[in-house]
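K.L.:
One structure, pasted below without further comment.
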Amino acid sequence: MVTLMPYNYAAPRCGLIDKMIEPKVKRPKTDHTDTHERNRLCNLSQQQQQQQPQQQQTHQQQQQQQQQSHQQSHSSTVLASNGPSSAGAGMGVGVGGGGGSGGGVGGGVGQCSPLGLPPQSQPLQPTIGSLASLSGHYSNGNANPNVNSSSCSLATASSFAQSAGSSFSTYQQAGGTSGGVSGEDGVVGGATVMSHWTHDGTGSSAAVKSESRSPGQVHASLDNGSVAGSNLYGCSSASNPLDGGAVAVNSSAVAAAAAAVYDGKHDYYYYNSMQQYTPPPFYSGYGTPYAAATAARQAKMEPGAAAAAAAYLTPSYAASGNNNSQLYSSPYAGYNNFGQQDYGGYYNEQYGNYYSPANYSPYAVSSPSSSASHGHGFHVAASSNLSESPTDTHSTTPVHQTTHSPHSPLPISPSTGSGIGPLGNVSAAAAAAALNSSGGSSVGTAGSGGVATSKTTPTGKTGRARGRRHQQPSPTRSTASDTGNSEAVKPPERVFVWDLDETLIIFHTLLSGSYANRYTKDHSSLMTIAFRMEEMVFNMADTHFFFNEIEECDQVHIDDVSSDDNGQDLSAYNFATDGFHTNTPPGAPPNLCLPTGVRGGVDWMRKLAFRYRKIKDIYNSYRGNVGTLLGPGKREAWLQIRSEIEVATDNWATLALKCLSMISQRENCVNVLVTSTQLAPALAKVLLFGLGGIFNIENIYSAHKIGHETCYERIVTRFGRKSTYVVIGDGNEEETAAKAMNFPFWRISAHSDIRALYTALDMGFL
């Protein structure tokens, strides 16, 4: 039974509402930054508290009004929880709906609270009453005049939103447009979801002005006059601010579920507000720091404002223990981590950097489809790109928008029409297209007509991640082409590191006779073929690659001495008369090369660099036309030797070449050769065995001096740790080095191993 008492509707009810839901505990002492502003705004509320002693009756009257307003405005059920401050929490319900065929009525129950948030919670947050009123007032296409259902004036509500001591409240703006009519099952124009889901302003012509811009109202002018949704709580409403035709709404099932979440415990939350508005321990505010990055990407925030938003959200909202940002976030809110409510400050302060480094190993291929498991980073920082992994653009790796890792702080949206994370205010199709086209780093902005534009860097990073140092060692970074990960070139997804002898080609076992013994071949004939090929290899190395001059000063990579090259034109340079091999220190052996590589000073090193540059030019010029380099006479002999080797080895090189060709045809994979042979004869082998078209000379390394493991470290330094490395070889040395680097190893010991590798590549397992 409800007793209706006479009440003066001209007087504001701010004081009653505040006193009605006031916690019955000892209030902590809070220091406000501006006491005059608080006293000025809540002066009426203090007078009303002294004049109205009937608290319980007005309490029941207010509850009945809220229930009636909730039932009548079933088309736009927006029931918001109050601010997280346990010091002085007020209850406000903002109801804004596009009623009728063209009009939008913005109503709200204003609130005033003499108690505000603690000092660290002072940045502006809009209240329910003020923003519900302003949303109806500034709604585009509003056919009816603004109706303020609260007895507080619009000026009072709007000025209260500016106060430093205002309670934190979420809100819902439902801008009724000419196309938004009353739908079925409680769905009308405007996003009808829980207010915690949609922190989005739909007014496109004017925004709520404030002196200190909150993350929800950052730079409305940057989006052509539209207020881009900031998605402070990780979810978006998929509404389109500039779409003049219709307003995108979520499904009625989501709205019904959202209403049921609150309605089922309406009385419980209402009467026990002082316990419930300090969130229960099974809700987690774990993802609140990540909302700053989401807001920055959505509203195109500059780094200064982004840092302010991150600093605002993390200490004042998450670290203070007020982690009810996900109280009504989604039906899946119960699946969040447990027990972090009482230790919110401990988690955010002590373990704030736990997710900062990318401390997972991208090298271990645990399954054939392991590339998909690295599609989303498991441990990422708040300002880093969530989708920075190179597998996002692979054609065979699908990108699922709603798929997150088990430890991902981003909630899973229950509706396919709602955006994920930074891709708010964009339709699902446009979000997927932007994600796939820009490598997962697109920033969805609300353009005219809802067209999503992407903002990305060539490496797939966001603008704020530009220029950061890579968290990787650089053991032997030496030259221009063998440098770290360049910002202008996206690193490959997979790097296949091949061994040369007995993996890609059969050569040493032919010379030793072990291949003939294993496969019961003619020992003498195979050795004869092998010796002929060996002679051709060393002739090419001596004639064209200066092997007789640089044998004792062999390098690991073709560009290791390029820093000593002054770029002199070598077209008319005479290498035979430059005195390179005669400038030897007194008393030194004839072909001594010191460990540092310095033999005859700067001039000698420059001449050595000239030779390696000439080797590089010859390789690049004749890699696809070796017969021209050999000459007509040697060309026929070379083709004959290759044909005989193919017959003797049962087309071993042909099978390996198929695997190499399949990898080289992929846009995001690269073949790298690491051989124990010296660099000059290794280049001759590559050309003579027909592999020059596959391997660029920059992708060939010699492990003759430094070993395979050091070569692998240099390769990782060059391509970066985000790539996946697969080592393919036949010996124990390659396998040991691969295990030391945590690289998967594919052993090649027979023809069946090459066929299995080809099948794995063809099926997309590698």
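Using N, Cα and C of the backbone, Cβ positions are placed for all residues, glycine too.
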K.L.:
According to Swiss-Prot, D499, D501 bind Mg(2+); which of D650, D730, D753 is also listed for that site?
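P.N.:
Among D650, D730, D753, only D730 appears alongside D499, D501 as Mg(2+)-binding in Swiss-Prot.
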K.L.:
Long-range same-chain neighbours of D499 (active site, nucleophile), Cβ under 8 Å, sequence gap at least 6?
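P.N.:
L673, V674, T675, V727, I728, G729, D730, G731, E734, I748 - these are the non-local Cβ neighbours of D499 (active site, nucleophile), listed in sequence order.
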K.L.:
Taking DSSP three-state, what's D501 (Mg(2+) binding site) in: helix, strand or coil?
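P.N.:
Looking at the DSSP assignment, D501 (Mg(2+) binding site) belongs to a strand.
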K.L.:
Compute the centroid of the Cβ atoms of D499, D501, D730, then list the same-chain residues not in that set whose Cβ lies within 8 Å of it, in sequence order, for the Mg(2+) site.
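P.N.:
Apart from the listed residues, the neighbours are L500, E502, T503, L504, T675, G729, G731, E734, I748.
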K.L.:
Taking 10 A as the limit, how many CB atoms besides its own sit near the CB of D501 (Mg(2+) binding site)?
P.N.:
18
